[in-house]
Amino acid sequence: MNRLQLLSKGLRLIHKMSEEALAGVPLVHISPEGIFKYVMINVFDGGDASKAVIRGFADCTWHADIFEREEEVFKKLGLRAECPGGGRIEHNPEKKYLKVYGYSQGFGKADHAQTKRILATKYPDYTIEISDEGY
């Protein structure tokens, strides 16, 4: 094999590894209960593949705290992340209820309808409400 063939083979291997890393990223990771800020994150592999994920943690004061924490995780997997927006989530596991509302002052408002669809993949038996009201 010449150098170009070796380089091409190496790039294909790296791309396959980043595709596998992207496939392994959970769509939803949020706090088990309470009212907390959340962000939508678009995660990209080295090629054209991407997916939107939802992250929300009660221990994070700012939307940027959530994004920065998760961005570090994605970087270690060889993935790139962008945040198109955020908001708040009210999570009541006893009532099987989620409410998605508000916006992020730093990132803007996430697409709450898309957030609802993504949350429903992890919480199919929940009632999920969206609202553009509130902060």
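Note that Cβ sites are derived from N, Cα and C of the backbone, with glycine treated the same way.
Not measured: the values here are computed from a predicted model.
According to Swiss-Prot, the feature substrate binding site maps to Lys37, Ser104, Gln105, Gly106. According to Swiss-Prot, the active site, proton acceptor annotation covers His63.
A map of Swiss-Prot features onto the structure.
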{"residue": "Lys37", "record": "substrate binding site", "DSSP class": "strand"}
{"residue": "His63", "record": "active site, proton acceptor", "DSSP class": "helix"}
{"residue": "Ser104", "record": "substrate binding site", "DSSP class": "strand"}
For the recorded positions Lys37, His63, which one has the sparsest Cβ surroundings, going by other Cβ atoms within 10 Å? Lys37
Taking Ser104, Gln105 as the binding-site residues to compare, which has the smallest set of other Cβ atoms within 10 Å? Gln105
His63 (active site, proton acceptor) and Gln105 (substrate binding site), Cα-Cα, nearest whole angstrom: 8
For Gly106 (substrate binding site), just count the other CB atoms lying within 10 A of its CB, please. 13
Same-chain shell around substrate excluding Lys37, Ser104, Gln105, Gly106, C-beta within 8 angstroms of the CB centroid, reads Val39, Trp62, His63, Ala64, Gly86, Tyr103, Phe107
Pairwise CA distance, Gly106 (substrate binding site) versus His63 (active site, proton acceptor), rounded so that it is a whole Å: 7
Euclidean distance between Cα atoms of Lys37 (substrate binding site) and the residue listed as 'active site, proton acceptor', Å: 6
